[in-house]
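**Student:** Got a structure for you, written out below as C-alpha cells; questions coming shortly.
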Amino acid sequence: MPKIGDIQLPDFPLLLAPMEDVSDPPFRALCKEQGADVVYTEFISSEGLIRDAAKSVMKLDIYEKERPVGIQIFGANLDSMLRSVEIVEKSNPDIIDINFGCPVKKVVSKGAGAGILKDIDLMVKLTDAMVKHTNLPITVKTRLGWDADSIKIVEVAERLQDVGCAAIAIHGRTRVQMYKGDADWAPIAQVKNNQRMHIPVFGNGDVNTPEAAVKMRDEYGLDGAMIGRASIGYPWFFNEVKHFIETGEHKAPPTMQERVEAARRHLQMAIDWKGEKLGVFETRRHYTNYFKGIPDFKEYRMKMVTSDESPDVFATFDAVLDKFGDYQFS
Ligand SMILES: Cc1cc2nc3c(=O)[nH]c(=O)nc-3n(C[C@H](O)[C@H](O)[C@H](O)COP(=O)(O)O)c2cc1C
C-alpha cells in the first residue's frame, strides 16, 4: 500500500486535486468526509507568501479534520520557495506539494507551474533544495511535458525521486494541451513501470466515473487517482468510486436531503471560515453541481447565486426541500 513519507495510505487512495478557488477548507472537509484519502490546498504563490499578502496567507488555513493535507506552493525562485517552505511549515501540514503543472500564462510566463517543464534542471534543483530544507514530505504535481515533442516524464520523475521527492502526481496532458483533448495515462504508466521507481505515482486527468478510476488502477497500474473536476459540487464522487471498487456496483446518488444538507454545511463552514460576505459569495459556484439536472430549478438556482445575505440562501435551501424533497436523482 502506498506511503507518502511516513503517511500510510490505503490501497489505491483517492486524492482531492488542488484547485484554485475550489479546494478551500470547507470543500476539503466535505470531500474528506466522503472518502478522499488525501486533500490538497489550491496553489499558493511563494512570492505572495513571502510578501505576506493576506490572500496567500489565508490559503494556508488547514483543519485537523482534513488530515492528511498537503499545502501546494508554486514559484520558480529558489530563495522564495525556500522561504515559503518555512512559512508553510508553521501551518503544520502533512505534506508540501510543489506545483509544476499550472498552465496559465501569468504563472508560466514567470517560469513557474508548467513553465518549469522547459527547464528540468531547475525543476530538480528546486525540489532537491526544498526536500533538504524541511522534514515534511515534498511531493510534486506536474504534467507530461511542455508539448507532445518534449515528453520526458519517465526521466523527470526518476530524477525527482532521486532528490527525495516523496510522491508524484501526473496530469496526463502537456502544457500546450491546457485542458483540451483526453488525458493520456499511458506515459504515466511508463513512469510507474520504470523498475527504478519506488515512490507512489498518482494518475490525474479525466477520472470522472468510478469505471475510469478502476481502469487507472487495473489497466494502467497506477498507485492512486487524483480527482479534480468530477468532485466540484459533488464531494460524493469519492465515496461512489470507493463503493464501486469494493462492490463492483454503483452507489445510489445522494438524495435531495443529502444535497441540501451538504450545501447548508458548505455555506456555514465557509461563513465561519472567511466571514459572511466572502462565504456567501465564494460558495455560489458549487450550487450548480449540487443541484444539477433538476427540472424547473432555475428560479431556485438564481436565488442561491444572487442572494447576498446568508439567511436568504438558507431560506432557499428550505424552499428547495419543500418543493423538490421527493425528487429522484438518477
Ligand atoms: C478550477 C480549477 C482550478 C485548478 N487549480 C489548480 C491548482 O491550484 N493547482 C494545481 O496543481 N492544479 C490545479 N488545477 C488542475 C487540477 O488539479 C487537475 O490537474 C486537472 O483539473 C485535471 O484533473 P481532473 O480531470 O480530475 O479535473 C485546477 C483545475 C481546475 C478545474
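Backbone N, Cα and C define each Cβ position, glycine as well.
A TrEMBL annotation is a machine prediction, not a hand-curated record.
Here the structure is a predicted model, which means the values were calculated and not measured.
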**Student:** Out of Gln34, Gln72, Gln328, which one does TrEMBL list together with Lys141, His171, Gly228, Arg229 for FMN?
**Tutor:** Gln72
**Student:** These are the recorded positions: Cys102, Arg229. Which one scores highest on other Cβ atoms within 10 Å?
**Tutor:** Cys102
**Student:** Provide, as an integer number of angstrom, the distance between the C-alpha atoms of Cys102 (active site, proton donor) and Arg229 (FMN binding site).
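**Tutor:** Cα-Cα distance, Cys102 (active site, proton donor) to Arg229 (FMN binding site): 15 Å.
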**Student:** Provide the three-state secondary structure of Lys141 (FMN binding site) computed with DSSP.
**Tutor:** strand
**Student:** With every protein chain in view, how many other Cβ atoms are within 10 Å of the Cβ of Gln72 (FMN binding site)?
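**Tutor:** So the Cβ neighbour count for Gln72 (FMN binding site) comes to 27.
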**Student:** If the FMN binders are Gln72, Lys141, His171, Gly228, Arg229 per the record, what's the largest distance between their Cα atoms, in Å?
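**Tutor:** Answer in Å: the longest Cα-Cα distance is 17.
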**Student:** I want to verify one value. Collapsing DSSP to three states, which class is Gly228 (FMN binding site)?
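**Tutor:** Looking at the DSSP assignment, Gly228 (FMN binding site) belongs to neither helix nor strand, so coil.
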**Student:** Which ones in the same chain are close to His171 (FMN binding site), with CB under 8 Å and 6+ residues apart in sequence?
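**Tutor:** In sequence order, Gly101, Lys141, Thr142, Arg143, Leu144, Ala183, Asn204, Gly205, Met226 meet the Cβ cut-off.
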